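Peer 1: Have a look at this one before I ask anything.
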Amino acid sequence: MRAARLMGALLALAGLLQLALSLRIAAFNIRTFGETKMSNATLSNYIVRILSRYDIALIQEVRDSHLTAVGKLLNELNQDDPNNYHHVVSEPLGRSTYKERYLFVFRPDQVSVLDSYLYDDGCEPCGNDTFNREPSVVKFSSPSTQVKEFAIVPLHAAPSDAAAEIDSLYDVYLNVRQKWDLEDIMLMGDFNAGCSYVTTSHWSSIRLRESPPFQWLIPDTADTTVSSTHCAYDRIVVAGPLLQRAVVPDSAAPFDFQAAFGLSEQTALAISDHYPVEVTLKRA
C-alpha cells in the first residue's frame, strides 16, 4: 500500500513538473465579458481561476468600451504579483453599434509581445469587408519553448457567416506569413465551427480545412459548449513545422470548468456558454 501511494505521489509530481516545463495557451469566449460580470465576485473569481491556468489566453466577446472590466481582471490576476500578467487589447470591432474586443493576457516571464496589427479586411462602410470582427494578430517571443516565435490569429466568427469567415482565415494566414516572414502561426477562437453554422457540406470549400499546412487540434466531435448542446464551436489550428512539432500530443482539448469546479449548470452558464479550448507547447 505504501509503495502504491509513493508511486501515485511520484506520478502526480511528474505531472506537475511536466506542466511547469510547458507553455499552455487557450482561447476563451467569455460571454458578454464586461463590468457586470467582473463586478460579480463569484463569477470573477472563477474567471480568474480559469485564466490563471494559462501562460497566454485569448479572451473573446469583450464588451468593455472603457476597459474598466479589463482593468479589474488584470488587477485580480495580478493580486499577488503585479507582473503576473500583461495584456494586449484590440480596438472595439464590429459592423454595427454592437462591438467586441479581442483581449490577450499573458505571463511576461514566459513570453513577450514582439508586434501586433489589425488585419485589413476591406472597406467596412462600403460593405465589402470580410469579417464582422477582423483578427487582431499578435506575434509572441517564447524563448523557453521549442518554437521561439509564433503568431496568434484570433477570430470570433459571426454565426451566420462562420463558414466564409473561417475560409477567409486562409488569407489572414498568408498576410501574416508575408508581413513577418513567419511560418509558425496559431489560429484560434470561437469559430462557430459546428452544428448548424458549419455543416459537413461546408468543409470542402474551406481552405483552412482543406489545405496541407494546417493541423486542426480540436476535432469536429469535441463539445466546447456548456449547455446540453454538443457543438465544436471553438477551435485551435496550427501551421508551421516548428509550431506543429512543439505541440504536446493530446494536449489540445476543451477545459470543462463546470466539472473541474463542481459547478451547477446555472453557475457555469453565468460564467460563459463556452468552455476554453487549450493546447500545450513543449519546452526546449
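Using N, Cα and C of the backbone, Cβ positions are placed for all residues, glycine too.
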Peer 1: From the candidates C126, C195, select the one that Swiss-Prot records as forming a disulfide bond with C231.
Peer 2: C195
Peer 1: Do you know offhand how many angstrom separate E100 (active site) and H156 (active site) by C-alpha?
Peer 2: 9
Peer 1: If you compare CA-to-CA distances from C126 (disulfide bond) to each of the recorded positions E35, N40, V89, H156, C231, which comes out shortest?
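Peer 2: Sorting the recorded positions by distance from C126 (disulfide bond), the top entry is H156.
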Peer 1: Let me know the DSSP-derived helix, strand or coil state of C231 (disulfide bond), please.
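Peer 2: Note: C231 (disulfide bond) is coil by DSSP, not helix or strand.
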Peer 1: At the level of the C-alpha atoms, what whole-angstrom distance separates H156 (active site) and V89 (site 'Involved in actin-binding')?
Peer 2: 14
